[in-house]
Amino acid sequence: MYKCALVLAAGQGKRIKSDLPKVLHKVCGKEMVNHVIDTIRKAGIQDANIIIGKGAELVKERTEEKKVTYSLQSEQLGTGHAVQCASEFLKGKKGTVAVFAGDTPLIKESTIKNLFNTHIEAKNAATILTAIVDDPTGYGRIIRSGNEVLKIVEHKDCNEEELKVNEMNSAIYCFDIKLLYESLSKLSNNNEQGEYYLTDVIEILKSAGHNIGAVVTDFEETIGVNSRAQLAQAEEILKDRINLKHMENGVTLIDPKTTYIGIDVEIGKDTIIYPNNIFEGNTIIGERCTIYQNSRIKDSIIKDEVDIQSSVILDSSIGNNTTVGPFAYIRPESKIGEKARIGDFVEIKKSIIGDGTKVSHLTYIGDAEVGKECNFGCGTVVVNYDGKKKYKTIIGNHSFIGCNTNLVSPVQVGDNTYIAAGSTITSEVQEGDLAVARAKQRNIKGWVDKKGLKK
């Protein structure tokens with residue numbers, strides 16, 4: 001049977017108080033609307049249409065990789081009106097359509113599958129995803145007669161008895177496409193809000209003698225984000241889910257409450273994560289690594305048995321058995337080899353560092369290719385920028401760079417070379433050479449007495 005989905009993403013979200021469309025606010029590193037789309041796809045629904053409105057072009061830009069189609073709701077006149085705006089998407093289709101809110105990032109793949117299966121097996125015209133809550137204030141109520149679903153009543157339109165109902169509408173549904181399409185023209189805005197409610201389709205279908213079903217799920221999954229407080233709540237719930245998944249897969253989190261792992265991050269077994277670490281984007285961390293406290297790693301590949309202390313690594317790769325930090329900064333497009341050492345207060349930018357090379361402290365390397373088993377003394381600087389353009393430095397294998405050396409790019413240093421401490425290198429150093437580029441020391445005898453500075 002054909003299955004498709006509509007995602008309602010047209011609202012600005014006034015309560016969240018932001019210039020950014022509400023559905024583009026991120027939870028665990030991913031836009032809420034993209035959480036919904038990705039979960040839909042995992043549940044086996046490939047054909048999805050996003051109803052856009054406020055910030056339409058930005059929403060399209062942030063979702064274009066998802067290969068979805070779009071319908072425009074130029075004026076926000078309710079959820080029913082939003083689905084009416086997708087009429088062209090629905091027209092002529094047969095099968096089942098699910099309707100989701102773009103601000104519900106916690107919905108699970110298993111719940112979506114269960115909703116579809118229940119709907120199809122029961123041959124319902126509509127199936128509502130619901131939850132039981134202690135305080136349903138603000139939510140639409142599921143009105144039943146026994147187990148039979150009669151209708152959904154929005155909170156502001158509830159009478160005294162309906163307000164006592166604690167089964168709430170999640171705003172996630174399955175519909176028979178043909179019956180939904182036919183019902184959209186029958187919607188009315190004769191209500192307190194003056195809006196067209198999608199929930200009224202339930203009563204329209206029921207009045208026509210069609211079956212209406214419901215699937216009850218955990219309230220946590222149905223949380224819609226309408227404020228910064230709810231955004232933080234969703235973040236906390238999803239963070240706990242992610243951390244639990246990694247621990248179940250063999251990763252040790254010393255303090256899960258202070259460990260932030262983005263939803264797309266991968267971590268190998270027997271890796272140990274200390275408190276106050278942040279892993280973002282498409283980061284992959286290998287097996288048997290140790291990440292000590294206060295590190296941030298984003299969009300990077302960390303191979304096996306790597307130790308990292310209090311460092312920042314962005315869009316880079318770190319080879320097996322390498323140590324990084326404390327207080328190192330690995331900037332984008334850097335590649336650190338195996339068994340290397342990047343020490344304290346070292347900055348690497350857009351550079352390749354060979355296997356076994358040691359850059360132990362207080363060094364800047366930018367736009368450089370460094371060979372294997374080199375050693376950098378404290379205070380080395382690759383001078384790669386002349387104020388207009390950045391230049392490249394190439395350093396061969398087994399080179400020794402003395403302390404306080406300036407390598408003025410563009411420059412090439414051959415294999416098995418030595419550079420004396422305090423040198424400023426401006427021209428090529430050939431293989432096997434020692435380069436000394438500093439002023440000769442001169443001692444002026446009796447200078448302190450002559451100047452009257454002796455104490």
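Glycine is treated like the rest: Cβ placed from N, Cα and C.
As the structure is a computational prediction, the values presented were derived from the model and not from experiment.
Features reported for this protein in Swiss-Prot:
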REGION    1-228  region 'Pyrophosphorylase'
BINDING   8-11, K22, Q73, 78-79, G140, E154, N169, N226, R331, K349, Y364, N375  UDP-N-acetyl-alpha-D-glucosamine binding site
BINDING   D103, N226  Mg(2+) binding site
REGION    229-249  region 'Linker'
REGION    250-455  region 'N-acetyltransferase'
ACT_SITE  H361  active site, proton acceptor
BINDING   N384, Y385, A421, R438  acetyl-CoA binding site
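Put simply, D103 (Mg(2+) binding site) is 15 Å from G78 (UDP-N-acetyl-alpha-D-glucosamine binding site) when counted between their Cα atoms.
By a simple count of nearby Cβ atoms, those within 10 Å, the most crowded of the recorded positions K22, R331, H361, R438 is K22. Residues N384, Y385, A421, R438 are the ones the record ties to acetyl-CoA, and the longest Cα gap between any two of them is 22 Å. In sequence order, D103 are the recorded positions from D103, H361, N384, A421 with a C-alpha within 10 Å of the C-alpha of L8 (UDP-N-acetyl-alpha-D-glucosamine binding site). The two recorded residues N169 (UDP-N-acetyl-alpha-D-glucosamine binding site) and D103 (Mg(2+) binding site) have their Cα atoms spaced 15 Å from each other.
In the three-state DSSP scheme, Y364 (UDP-N-acetyl-alpha-D-glucosamine binding site) is classed as strand.
Checking the binding-site residues (K22, G140, R331) against D103 (Mg(2+) binding site) with a 10 Å Cα-Cα cut-off leaves K22. Recorded residues R438 (acetyl-CoA binding site) and G140 (UDP-N-acetyl-alpha-D-glucosamine binding site) have their alpha carbons 79 Å apart, per Cα-Cα distance. N384 (acetyl-CoA binding site) has R331 as its nearest neighbour among the recorded positions A10, K22, G140, R331, H361, going by CA to CA distance. The highest number of surrounding Cβ atoms within 10 Å, among the binding-site residues Y364, Y385, is found at Y364. A C-beta separation below 8 Å, combined with a sequence spacing of at least six in one chain, links G140 (UDP-N-acetyl-alpha-D-glucosamine binding site) to I152, V153, E154, H155, M168, N169, A171, T199. A gap of 21 Å separates the Cα atoms of Y385 (acetyl-CoA binding site) and H361 (active site, proton acceptor).
Of A10, K22, R331, H361, Y364, all annotated as recorded positions, the residue with the shortest Cα distance to N226 (Mg(2+) binding site) is K22.
G78 (UDP-N-acetyl-alpha-D-glucosamine binding site) has a Cβ environment of 21 other Cβ atoms inside 10 Å. Ranking the binding-site residues N169, N226, N384 by how many other Cβ atoms lie within 10 angstroms of each Cβ puts N226 at the bottom.
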